[in-house]
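> Before I ask anything, here is the structure I am working with.
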Amino acid sequence: MADYLISGGTGYVPEDGLTAQQLFAIGDGLTYNDFLILPGFIDFISDEVDLTSALTRKITLKTPLISSPMDTVTESSMAIAMALMGGIGIIHHNCTPEFQANEVRKVKKFEQGFITDPVVMSPRHTVGDVFEAKVRHGFSGIPVTETGKMGSKLVGIVTSRDIDFLSEKDYDRPLEESMTKREDLVVAPAGVTLKEANDILQRSKKGKLPIVNDSDELVAIIARTDLKKNRDYPLASKDSRKQLLCGAAIGTREDDKYRLDLLMQAGVDVIVLDSSQGNSVFQISMINYIKQKYPELQVVGGNVVTAAQAKNLIDAGVDALRVGMGCGSICITQEVMACGRPQGTSVYKVAEYARRFGVPVIADGGIQTVGHVVKALALGASTVMMGSLLAATTEAPGEYFFSDGVRLKKYRGMGSLDAMEKNNSSQKRYFSEGDKVKVAQGVSGSVQDKGSIHKFVPYLIAGIQHGCQDIGAKSLSILRSMMYSGELKFEKRTMSAQVEGGVHGLHSYSFLPFTRNGYIEPGSRGHPRAGPNVPSPAVTKHSS
């Protein structure tokens, strides 16, 4: 047998594939479909893959997924769901500043550790006030103090059990006649740790645990519902106060400074400067303003697609960069403006430059499949921002409608005339607020129902983990290290190779990306259990 056919222990492995540097040195603009990653060696199970990654210089996520600041993608419901699953949502700004700030406030109030600014009432408030608060805030466990303010002496608490069976004729009854009195409450002393307080709350079997000082004055409160959320969502993205992380987008004009102030009052964690072309004097000026007024606030700059664009924003002090121009499914910037760059090349070029300064990169746009997420991360992105992939989920804004028997939701680009007509924030993003003739850089369309984020995101997480497993990377930091060291190998795909890599040779087929009748229980990381028959994105196709 010829020597080159003899196997076993030779130590010889021929060179195969291209490094990322070689792949992008060719000069062609590459999209995610234009290349593949060659497989590596597997010595771990997919559940062991650590998806922790940096959103900004100071904020880390356990899941590298972000929902886009689009008015058909992210408001409070989406942001809450994304944060619970370990990612983060960025509230869009195609609305009034007050509406946007209130959406951020809803996210921050959804889950908390020590609640230091709860709704508080006095004994003179009425049962009707509690019902009104329940409608406004979604809960009715309200502490009662002498003055109706924090820092005042605790005299009781009113819960749904106290008022559930009261009728409208009782709405004028003062709370001192309906509340659970102070002597019947379980409380914890000021200075108690969150773990100790949670233990007391569990033993008490109560819904709320007031925290009081030596003078019996209310200083904080914790809620049983938050305990359950901690159990069900161990990956949840939280700040130092145990509130869910939330981001918001703003523009780069003078009136956006007022919007910024309202968002800061609402507790926003990260600001995304929303511009189709981020390398501008407007954005640099806004970065300088924010860093002077709110030096600890994390700021994401963009969008950029070249190292030269990135340099100016990094020099101005951004904490992360958003990469992508004209690559979204509803974006036509490349066609209309002749400006942009294929997303694969954009991510690699900007990430390779920004990493030298410790600035994480967000791959924004062009994500059609979970494989595209893996490719973006393998090219150096720390996180991935998604629009169309999350559109038409239960948590996305808008109402479902039917067309030809298919359940759909509206999805539109922020550069569409549709979005521009709703609010001038969208116009500012494309520098067109003063134009007599508006030039659309996006389109409006519809997307098929994907079901809930709580079922769809676990599918994305599992897909990313399996992709990293096939590559041989046990974490995203290892994945990036393999790419920059040249250990990770790529290969360009011809059009024929792309056809071969997809479904082919069938008359018709059904595509169901994740389990329909089972779902991933939050925190189980890969163990399906029986669940309700919630619609999943299924596609039946026929070959022509």
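For all residues, glycine too, the Cβ spot is worked out from N, Cα and C.
Taken from Swiss-Prot, the feature domain 'CBS 1' covers 114-175, and the record attributes it to sequence analysis. The domain 'CBS 2' feature in Swiss-Prot is assigned to 179-237; the stated evidence is sequence analysis. Per Swiss-Prot, the feature NAD(+) binding site maps to Asp274, Ser275, Ser276, Gly324, Met325, Gly326; the stated evidence is sequence analysis. Under the heading K(+) binding site, Swiss-Prot lists Gly326, Gly328, Cys331, Glu500, Gly501, Gly502. Feature annotation from Swiss-Prot assigns IMP binding site to Ser329, Asp364, Gly365, Gly366, Gly387, Ser388, Tyr411, Arg412, Gly413, Met414, Gly415, Gln441; the stated evidence is sequence analysis. Per Swiss-Prot, the feature active site, proton acceptor maps to Arg429. The region 'Disordered' annotation in Swiss-Prot covers 520-544.
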> State which of the following binding-site residues has the fewest other Cβ atoms within 10 Å around its Cβ: Gly324, Gly326, Gly387, Gly501.
Gly501
> Which of the binding-site residues Asp274, Gly326, Cys331, Gly502 has its Cα closest in space to the Cα of Gly387 (IMP binding site)?
Cys331
> Compare all C-alpha positions of Asp274, Ser275, Ser276, Gly324, Met325, Gly326, the record's NAD(+) binders, and send over the largest distance in angstrom.
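So the maximum pairwise Cα distance among the NAD(+) binders is 14 Å.
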> If you draw a 10 Å sphere around the Cβ of Gly365 (IMP binding site), how many other Cβ atoms fall inside it, taking every protein chain shown into account?
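A count of 27.
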> Could you find out if DSSP has Gly501 (K(+) binding site) as helix, strand or coil?
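Going by the DSSP assignment, Gly501 (K(+) binding site) falls within a helical segment, counted as helix.
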> Within the domain 'CBS 1' (114-175), what mean pLDDT does the predicted structure show?
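Reported value for the domain 'CBS 1' (114-175) is a mean pLDDT of 84.
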> Please report the distance from the Cα of Glu500 (K(+) binding site) to the Cα of Gly365 (IMP binding site), rounded to the nearest angstrom.
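Distance (Cα to Cα, whole Å): 25 Å.
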> From the Cα of Tyr411 (IMP binding site) across to the Cα of Asp274 (NAD(+) binding site), what is the distance in angstrom?
18
> Give the residue counts of the domain 'CBS 1' (114-175) per reduced DSSP state, in the order helix, strand, coil.
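Grouping H, G, I as helix and E, B as strand yields 19 helix, 14 strand, 29 coil.
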> To the nearest whole angstrom, state the Cα distance for the pair Gly324 (NAD(+) binding site) and Gly365 (IMP binding site).
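Between the alpha carbons of Gly324 (NAD(+) binding site) and Gly365 (IMP binding site) there are 6 Å.
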> So if I draw a 10 Å sphere around the Cβ of Met325 (NAD(+) binding site), how many other Cβ atoms end up inside it?
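I count 27 other Cβ atoms within 10 Å of it.
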> Which binding-site residues (Met325, Gly326, Gly501, Gly502) fall within 10 Å of Gly365 (IMP binding site) by Cα distance?
Met325, Gly326
> In Å, rounded, how far does the Cα of Ser276 (NAD(+) binding site) sit from the Cα of Cys331 (K(+) binding site)?
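Taking the Cα atoms only, Ser276 (NAD(+) binding site) lies 10 Å from Cys331 (K(+) binding site).
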> Quick one: Cα separation, Tyr411 (IMP binding site) versus Cys331 (K(+) binding site), in Å?
12
> Among the binding-site residues listed here, Asp274, Ser275, Ser276, Cys331, Gly502, whose Cβ has the fewest other Cβ atoms inside 10 Å?
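Ranked by other Cβ atoms within 10 Å, the binding-site residues Asp274, Ser275, Ser276, Cys331, Gly502 bottom out at Gly502.
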> Between the Cα atoms of Gly326 (NAD(+) binding site) and Gly502 (K(+) binding site), find the distance and write it as a whole number of Å.
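Gly326 (NAD(+) binding site) to Gly502 (K(+) binding site), Cα-Cα distance: 25 Å.
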